[in-house]
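Annotation source Swiss-Prot lists active site, nucleophile at Ser412. Residues or ranges marked as active site, charge relay system by Swiss-Prot on the basis of sequence analysis: Asp603, His645. Residues annotated as Ca(2+) binding site in Swiss-Prot: Gly579, Asp644, Asp647, Asp652, Asp655. Residues or ranges marked as compositional bias 'Polar residues' by Swiss-Prot: 53-71, 93-114, 124-171, 185-206. According to Swiss-Prot, the feature compositional bias 'Basic and acidic residues' maps to 72-81, 225-237, 257-266. Under the heading region 'Disordered', Swiss-Prot lists 53-266. Annotation source Swiss-Prot lists signal peptide at 1-37.
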Amino acid sequence: MLRGQEERKYSIRKYSIGVVSVLAATMFVVSSHEAQASEKTPTNAAVQKETLNQPGEQGNAITSHQMQSGKQLDDMHKENGKSGTVTEGKDTLQLSKYQSTQNSKTIRTQNDNQVKQDSERQGSKQSHQNNATNNTERQNDQVQNTHHAERNGSQSTTSQSNDVDKSQPSIPAQKVLPNHDKAAPTSTTPPSNDKTAPKSTKAQDATTDKHPNQQDTHQPAHQIIDAKQDDTVRQSEQKPQVGDLSKHIDGQNSPEKPTDKNTDNKQLIKDALQAPKTRSTTNAAADAKKVRPLKANQVQPLNKYPVVFVHGFLGLVGDNAPALYPNYWGGNKFKVIEELRKQGYNVHQASVSAFGSNYDRAVELYYYIKGGRVDYGAAHAAKYGHERYGKTYKGIMPNWEPGKKVHLVGHSMGGQTIRLMEEFLRNGNKEEIAYHKAHGGEISPLFTGGHNNMVASITTLATPHNGSQAADKFGNTEAVRKIMFALNRFMGNKYSNIDLGLTQWGFKQLPNESYIDYIKRVSKSKIWTSDDNAAYDLTLDGSAKLNNMTSMNPNITYTTYTGVSSHTGPLGYENPDLGTFFLMDTTSRIIGHDAREEWRKNDGVVPVISSLHPSNQPFVNVTNDEPATRRGIWQVKPIIQGWDHVDFIGVDFLDFKRKGAELANFYTGIINDLLRVEATESKGTQLKAS
């Protein structure tokens, strides 16, 4: 029996030794594989960190699999590290084989994932190297362009390109150049909301090499719309409307934001001039217009057509302004004419009557541009009782004729004056034509009609297209009219060099005339009871007559800008905002208490509903992020919140909230729109020629 027990112990010992040997061999194999895997595979912490950069579900799947594999390996080590826990050798051997198989699968999976990650990192590294090479080539091109510009006397500067948005230095003076490369149609995306920068492509690099003098600035390129395509797209967006003025008042926000008081205003103005605001086009496809800096020896202005700014009621400009009278266009905040000329733009400020009617002002505007002695017309002079001829203008464009156009920008009453002059150019003056046929003599070319294609665009700023209650209830009252005419009478003395614009009515003392005789003569003038003056033309009835006299020109781009500086009080009436020009407090309250609610919101002098567009003419709402290039329809820009009537021209020296940088942005934005009008016209001419 003892011998049997010894044989049994010997068999168990022999079997145990065999099992231990198998386990030792298995652990050796597993350890060798694990060592190899550790050389090729990062640790669990490294894997998890690497996985954070994996996009989407792929990274999550890799992380989960790696963590599961690591857990299995840890479990295996725990199982192998325990001694005396194996009760049955057969089961232990099977478990070891199973774990070995699972570990082999896990290691293969890890190796496959590692190879895939290495491949992706290699591709990403190659992509970065390609981008770096392209950026280096572009920087070299920019350096070459800079040296080339310096050799030609150019003073423009360059800066390094950004790898994300490819921003390049802004150009103070820009000129639209044609580019015949066609582009595919794109969707409308306002640049102010587009935070995604396009990636550089070989096609873009090729374009840069093809035009080494053209710089791709941070501004959106000028984009031109095919005429047929533009009409189709815009008609589907919004059909022209007539008369429904209340739709403009609500839901339109201010494009301007108050400027930080701590910011250097001069630097802001400089930045605004160097980087004028540009707006993307609707259905923007078509030939992108590049910009080129103005060279030091370049005389050609940036704009093809001269821009003429026309002042409003009480406006005095240039040499005709008294010493203490503020600079009409921009005040001391931003001198519009001076600054735009510095940038290379051909701009002018017209000087017309400050108190005269829209009729007289329109005639004077014509001769300001064309040159010559003002001819108000024989019929008009006989009808109202003032002189037929007025002052003589030198003219800024003596060769002004069909095909040679101008851009017209009018503030307040200036917008009405512009519209009437264009109507006379195109359709003539029926009264003057009839009078000329009946009496013979001379007739001004302005009144004969047939002079189309002489105006490219009409832009109005705070213009009372439909009149103002302030004129009805205040400005055109007998008491106020007497004060205005008395002022003209006083300024007409022989020692005064200021012309308020009523000399055709006799408001100018003759050289050999005493002041007493001059007063007696002027007191007999018909102007005291006439409607041929600004006070009447700004009323609701006077403006309605003008609207009936004028029509839309299908070849002209019309744009309006409107401000609002009033708020609704507890009783539902409009009160002037804090900061509104103090001289407009009374007129703002007169308008704000009108019986018609839709006529109450105002800018201090003009109701919002009147400034949007003439009530009897078609209009379309446009955003600040699209160019105003449509023709034959009023394009109504969003209402500018917080801007009163004189904020458009910056003459309120007490308003520290409105700074010159705002005016710089505003007027450079207008100029950019006018350049787009010219570019669109050039594109249309090319299409017709082809």
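Counting starts with 1 at the first residue shown.
Positions of Cβ are set from backbone N, Cα and C atoms, glycine also.
Features per Swiss-Prot, on structure.
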{"residue": "Ser412", "record": "active site, nucleophile", "Cβ neighbours (10 Å)": "28"}
{"residue": "Gly579", "record": "Ca(2+) binding site", "Cβ neighbours (10 Å)": "16"}
{"residue": "Asp603", "record": "active site, charge relay system", "Cβ neighbours (10 Å)": "35"}
{"residue": "Asp644", "record": "Ca(2+) binding site", "Cβ neighbours (10 Å)": "27"}
{"residue": "His645", "record": "active site, charge relay system", "Cβ neighbours (10 Å)": "30"}
{"residue": "Asp647", "record": "Ca(2+) binding site", "Cβ neighbours (10 Å)": "28"}
{"residue": "Asp652", "record": "Ca(2+) binding site", "Cβ neighbours (10 Å)": "23"}
{"residue": "Asp655", "record": "Ca(2+) binding site", "Cβ neighbours (10 Å)": "18"}
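Note: the Ca(2+) site is recorded as Gly579, Asp644, Asp647, Asp652, Asp655; in the same chain, Ser565, Thr580, Phe581, Trp643, Val646, Leu654, Lys657, Arg658 also have Cβ atoms within 8 Å of that site's Cβ centroid. On the backbone, the CA of Asp652 (Ca(2+) binding site) and the CA of His645 (active site, charge relay system) stand 10 Å apart. Using a 10 Å Cα-Cα cut-off from His645 (active site, charge relay system), the recorded positions that qualify among Ser412, Gly579, Asp603, Asp655 are Ser412, Asp603. If you take the CA of Asp603 (active site, charge relay system) and look 10 A around it, you hit none of the recorded positions from Ser412, Gly579, Asp655. On a Cα basis, the residue listed as 'active site, nucleophile' lies 20 Å away from Asp655 (Ca(2+) binding site). Asp644 (Ca(2+) binding site) sits 12 Å from the residue listed as 'active site, nucleophile', counting Cα to Cα.
In this structure, the C-alpha atom of Gly579 (Ca(2+) binding site) lies 20 angstrom from that of Ser412 (active site, nucleophile).
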